[in-house]
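Visitor: Once you've had a glance at the structure underneath, I'll fire off some questions.
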Amino acid sequence: MSSFFKSFAGNPREAAAMAMVQSSSYRVLSGKSCSNLRRNTPLDSFLAKGRSSVKAFSFLYVSRFSTEPNNEFGHSSKRRSRGPVMAAKKASEGEKQEDGKYKQTVDLPKTGFGMRANSLTREPELQKLWEENQVFKRVSDNNNGGSFILHDGPPYANGDLHMGHALNKILKDIINRYKLLQNYKVQYVPGWDCHGLPIELKVLQSLDQEVRKELTPLKLRAKAAKFAKATVKTQMESFKRFGVWADWNNPYLTLDPEYEAAQIEVFGQMALKGYIYRGRKPVHWSPSSRTALAEAELEYPEGHISKSIYAIFKLVGGAKTSLLDEFIPNIYLAVWTTTPWTMPANAAVAVNAKLQYSVVEVQSFSEDESTVTSNKKKIPGKVLKNQQKLFVIVATDLVPALEAKWGVKLSISKTFLGSDLENCRYTHPIDNRDCPVVIGGDYITTESGTGLVHTAPGHGQEDYATGLKYGLPLVSPVDDEGKFTEEAGQFRGLSVLGEGNTAVVSYLDENMSLVMEESYAHKYPYDWRTKKPTIFRATEQWFASVEGFRTATMDAINNVKWVPHQAVNRISAMTSSRSDWCISRQRTWGVPIPAFYHVKTKEPLMNEETINHVKSIISQKGSDAWWYMSVEDLLPEKYRDKAADYEKGTDTMDVWFDSGSSWAGVLGKREGLSFPADVYLEGTDQHRGWFQSSLLTSIATQGKAPYSAVITHGFVLDEKGMKMSKSLGNVVDPRLVIEGGKNSKDAPAYGADVMRLWVSSVDYTGDVLIGPQILRQMSDIYRKLRGTLRYLLGNLHDWRVDNAVPYQDLPIIDQHALFQLENVVKNIQECYENYQFFKIFQIIQRFTIVDLSNFYFDIAKDRLYTGGTSSFTRRSCQTVLSTHLLSILRVIAPIVPHLAEDVWQNLPFEYRNEDGSAAEFVFELKWPTLNEQWLSFPAEDVLFWQRLLELRTEVNKVLELARNEKMIGSSLEAKVYLHTADAGMAAKLLEMSEAKNEADTLQRIFITSQVEVLSSMEKEMISSVQHTGEYVEGENKVWIGVSRAEGSKCERCWNYSGQVGSFSDHPTLCGRCFSVIVANPPEPAVAAVNSLA
């Protein structure tokens, strides 16, 4: 017998108690100095076991984290005084454990890491720390795992940031930070789109009318550049405040000379390959902006109402009119249009050759039936009230619908195919021109209208295509302001979208050509900046022909990874059906199209020499040179003697050509970057915008896509799924989310990490919601996550890596905890790789906040606080806690980097990477290496622990019953009885109840003072138990009983034990606490620092 135990030989009761203590697992470990931290420490050996394949059942519990939100294991019912020592919790009769004489022997948590985030001050402090130490560059430069390039789509430099910007930039930052932890060299160059109408309008709106009149192109450009640069600076500071890491000192701006030169180069390459041409054809035209627009510059708001009409044109003859001779001169072609103002430009009527058409006699008009139908205002034309005989040609299938629409009886007189009408002639309803009937395409259907289409090649894409086929005149009597020109005769000077439209309808009615006028609600294109309607108008423009490389583009699309996968369908449909791209704009603020025009013939001069010369000038002087330099200076040497014969073009390039050239201006020019990029990530609207313009320019010039993967996100809506609008008062401002508003109660300052947590929580592949309630929820989750990390820090205040307990020596509960952790990390890594951040959020929330806090942390408090500072069970628990802290920090760091860094800066122990390198900042850590030994936790034990945790939940239910009946207060006042007919389960439970390793005992897992496993159900014993319960587990019932715990309450750990009173020097202690006190006598009281609950 050792001298330690011999000292109790004179007291048999004390000797017996000490014999029990001797057999316990709470042995004292000798302390080790960590002043000289070695590379191969015990913790290093413990952590670094190598990458492994997944063992059987390795995902058993992780699936419950990530896919079964209401079925988390280890989730217990609510209990008061849950832990063995709850220093800051309530005790009966005002008792506080730390007020006793043994308070200095209790290892309470200590940390300088506060519960409150103080984001307003702490986050900027951390950002300053990162910036001063160039952490982003430092980590990227030191990584050696290859490069990763997420190419930034440039936002417009024309206003404050909104939640869409926040969603976009934070998603990018999460990806970049994850790749840093994966040992990649991350190159992220932020960009801004600085040209175009949006910025030009902002400048013009800020000027007085008189100042606008005096603006020269160069003065306007100077003001636009100044505005754009100022906005870039403001937006950049906001992005930094979001916690976004980027090369902020070297962003790319589309107004930079080197970028503009690269754009000119792309244009030149396309032109030299024959993909750029100039022609007169209908394009989207904005009268409010006085410029052509691309498809990506249009929007289709709800609620647009057009004035649609049914009109008739008098048939006068033609190739096959013999079959219609009997109806002449009272036969007409009936057409329907939603743009009556295009009637002056009518050049033909198109039919579908394969459809059946009928001559119908119009009879029995009833004015009472023509007022209002289905909330659509209908006004009949005078021709319907005319008593003369009237025959019209319409598609046969539409006769019933037109009868109802017009309020008439239509009697079919003759039926024939549309092909029979080709080359028939009719009289133009306004200027009496002789016009043909032509065969159109599949766009002519019987879904609406009359089956005959009014065709104006100068005002529609399909009409234009039909006009080319038949050589129809390209008439477009509309000017830049959207007003009729002199070519429109009596309508000249009238706005086609206003009084001009009304005037045309009135003229048709007065001349007996209007059958019906009707209000028609439909999608109609608006200028996305001025929010006003656009028109189709034929003008001289520069186009990029897509047809020459459409097949190559479609092939490239199929070789790109699209997230979500269905996005490939959208961009494929848009690309396969898109018309030629109108790339010229009639604005001043942009990159010029480098074309010179002959003064007399207007023929353009643009070849390899002229383009390269202009590119060279712009690369040095910027695109302003086009406006201030003479034609002679802008032309190459060999053309200067002809300079007087040419003038500079005034068109600028579409801003989508600007941003669509970024792969050339950035990826192809910046050191450290390469083409193609790994990822493009933008909103879903960019399928017809940046994704497509980048793809087209790249395929046309390089023959391949500029990206390997494309990720798209939805729009940000309010909590009710409504679009945000100032008028509705539902706008969420990212600045106010971070910094708070004037009323801190209504608009609290949440900080950037709460906003980032929200970004990770939503399934961004669709539209996402945000609002006050959602932000409060995110703040609550953040607070709980912070509390979990604070618990870990506090309980590792005296931890050193040399204290690590080898895996094989750990209690089973600790080995199980590491098995769970490894599967969580493995699952999270898979989610990061697949960009499924919302699943990561779910896993982190359930694992750290629910399962760790409610199970492992709950039962760990006993051995952490009272097991003895250097005891085996405390050190084994700290081994697990330190591993959890190091892993959790790394998996959450991409999402909440400020929190992760704040924790790291408060780390109470020194830690080095496996290669021996120090980690001054959290992102200097490497991603956790999967540990084969931890993942190989035996499958049968995995299943047993699942059953045990379910049993724990049922035990808590019975404890709650006992508590409600006032039999117990704390669960430590209880003794639990168990019985199951499952012999294997019973043996396992009995083994645990008698475990020498006290950490694995049932009473510690249930947080009760005693647990007894019954081999049989004796009536006498069962009747003495006050509260019982049972549940079905498999094919067997498990019986649970609860009674008052035996023995007295230990003053130090609050467990009930028959040993209390056995030690004369310490009569209020149980045997375990007595052994700890004897081995580690209490020191004089020292004030605890930042004690945790």
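One is the number of the first residue shown, and numbering goes on along the chain from there.
Note that Cβ sites are derived from N, Cα and C of the backbone, with glycine treated the same way.
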Visitor: For the record in Swiss-Prot, which of the ranges 155-165, 562-572, 595-605, 661-671 is the motif ''HIGH' region' one?
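Guide: The listed stretch tagged motif ''HIGH' region' in Swiss-Prot is 155-165.
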Visitor: When Swiss-Prot marks a stretch as motif ''KMSKS' region', which of 213-217, 338-342, 723-727 is it?
Guide: 723-727
Visitor: Can you tell me which parts of the same chain pack against the motif ''KMSKS' region' (723-727), counting only residues 6+ beyond its ends and a CB-CB cutoff under 8 A?
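Guide: For the motif ''KMSKS' region' (723-727), the sequence-distant neighbours (Cβ-Cβ under 8 Å, at least 6 residues beyond its ends) are 162-163, 715-717.
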Visitor: To the nearest whole angstrom, state the Cα distance for the pair Glu682 (L-isoleucyl-5'-AMP binding site) and Lys726 (ATP binding site).
Guide: 24
Visitor: Calculate the per-residue pLDDT averaged over the motif ''KMSKS' region' (723-727) and state the result as an integer.
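Guide: 87, rounded to a whole number.
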Visitor: Report the same-chain neighbours of Lys726 (ATP binding site): residues 6+ apart in sequence with Cβ closer than 8 Å to its Cβ, ordered by sequence.
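Guide: For Lys726 (ATP binding site), no residue qualifies.
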Visitor: Please give me the CB contact count at 10 A for Glu682 (L-isoleucyl-5'-AMP binding site), counting all chains in the structure.
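Guide: Its Cβ has 21 other Cβ atoms within 10 Å.
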Visitor: Tell me, by DSSP, whether Lys726 (ATP binding site) is helix, strand or coil?
Guide: coil
Visitor: Can you tell me the three-state DSSP label for Glu682 (L-isoleucyl-5'-AMP binding site)?
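Guide: Glu682 (L-isoleucyl-5'-AMP binding site) sits in a strand per DSSP.
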